[in-house]
Amino acid sequence: MSSCVSSQPTSDRAAPQDELGSGGVSRESQKPCEALRGLSSLSIHLGMESFIVVTECEPGRGVDLSLARDQPLEADGQELPLDASEPESRSLLSGGKMSLQERSQGGPASSSSLDMNGRCICPSLSYSPASSPQSSPRMPRRPTVESHHVSITGLQDCVQLNQYTLKDEIGKGSYGVVKLAYNENDNTYYAMKVLSKKKLIRQAGFPRRPPPRGTRPAPGGCIQPRGPIEQVYQEIAILKKLDHPNVVKLVEVLDDPNEDHLYMVFELVNQGPVMEVPTLKPLSEDQARFYFQDLIKGIEYLHYQKIIHRDIKPSNLLVGEDGHIKIADFGVSNEFKGSDALLSNTVGTPAFMAPESLSETRKIFSGKALDVWAMGVTLYCFVFGQCPFMDERIMCLHSKIKSQALEFPDQPDIAEDLKDLITRMLDKNPESRIVVPEIKLHPWVTRHGAEPLPSEDENCTLVEVTEEEVENSVKHIPSLATVILVKTMIRKRSFGNPFEGSRREERSLSAPGNLLTKKPTREWEPLSEPKEARQRRQPPGPRASPCGGGGSALVKGGPCVESCGAPAPGSPPRTPPQQPEEAMEPE
């Protein structure tokens, strides 16, 4: 699919503060998309190649950039390049890297102060209660919309996709891009994730269509690795059911077998990631506690729904308009049965991986413990602005995660309670590592009982994602050939193959198996008639049939036709068959 993006270079987009921050999306900076001229010449393919995802927009400030950030981080916190041949480009709507302190000088608990210095994408939009992140998880969720057809229209400066107008590119990942999308029906901005199906399969090394969607447990309870297509459908099936203030919402999925992309529409969490790593301006302890409490409630909800996120990191924690965190990017998440997930594959961001997932001897490990480790690394990043284990070489990074002792920098000076919590979360032994219920009661988290977290019953409402829902997470319209075939069968009142010859066969209802079909006979021939009698009834005329015997036959795919004269005197009248009833073997 061709789309229109800003003509301004990526490196220049972070400079002017008022171009996008206060004036909304600059349409003057856009130019007509040259690729739109070729939309009419696109060939139609029945196979799917791309995906698009759309999320609900919270009008306000900032941009949700992490929806497309599925790139891993280096040990120093920088993102690893996906492809050396591709230039490092990231379309940002905000000017430069902004820490959360720069966004919220008034303290973490004040949502109004958090919005004072935020970057405004759409200042002219009115506040929409439907997009408010303050909605309770107990409230009935608006169901995710599944569109069976995608209509793409090329406009002068943008692309119209059903009711969505695609605007600037606000993020970029390894499998697609994230675009700002405006919904004409509800006057709301969303984040539309556009995924290329061909690129998903090509980068994963699949030469042809992968196995059916969904993750199936292997013997022993561990989860088998999934291909990228299966991961996308798993993410869709999971997100369709989740409804929590600290989890990003999936609004709509657009998919057409004749299109090359899948479109996922998410809510636009407008202030973007909680922080950039590394940063020279980490969060204060009060700010870190405020966001970490949100993270605990979100992870508890996911584990309650039997979901392991597997990629918790600051760039996947988005700040909403009320200043609270929403967990995003479920691309590598796993479902489990029972009390915990038993995992065997290694996915996620290298600097946030647990040591047991990197072990050469341990084959199966706990999924909940992986999320707790990543939460500990994230909390470390909150207060120190960097990861606890860093190295430019991936193998050295793995070695440090597995064997190097945890150390705390001298500055900034943090409380002993916080050091104790981080140390217990980054315990290299998953069996002795602290668990989420214990984290909720830790003195640093609750400020020694002054700020208790809600109970599990108050925070969680169980939803179930069945295997059938994973298989049917995105429904597709039937192809034109299938529609024509069904209409032909209805018109002929027959549900046999309408393109095969109308060869009639009689069936014996009492015969089993292959004996159900009896050899057809000509209606005008007796069942038992001497050969001499049949020869006497042979009409006069040239016998030009090379097939042997009278009548017509199919030899090597073509009919063998005889010239028929008048019946012989005294012979019974002959009723020729209307069509070939039986293919006779050639002599």
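Just so it is clear, glycine is given a Cβ too, placed from its N, Cα and C backbone atoms.
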Task: According to Swiss-Prot, one residue in S85, S284, S510 is annotated as phosphoserine; name it.
output: S510
Statement: Between the ranges 370-395, 474-499, Swiss-Prot assigns region 'Calmodulin-binding' to 474-499
Task: Would you mind telling me which of 203-225, 410-432 Swiss-Prot tags as region 'RP domain'?
output: 203-225
- request: Out of 135-140, 309-314, 471-476, let me know the one Swiss-Prot marks region 'Autoinhibitory domain'.
  value: 471-476
- prompt: What number of additional C-beta atoms lies within 10 angstroms of the C-beta atom of G176 (ATP binding site)?
  reply: 28
Query: For the domain 'Protein kinase' (164-445), what's the model's average pLDDT?
result: 89
- prompt: So for K172 (ATP binding site), how many other CB atoms are inside 10 Å of its CB?
  reply: 19
Cβ neighbour count (within 10 Å, all chains shown) around V178 (ATP binding site): 29
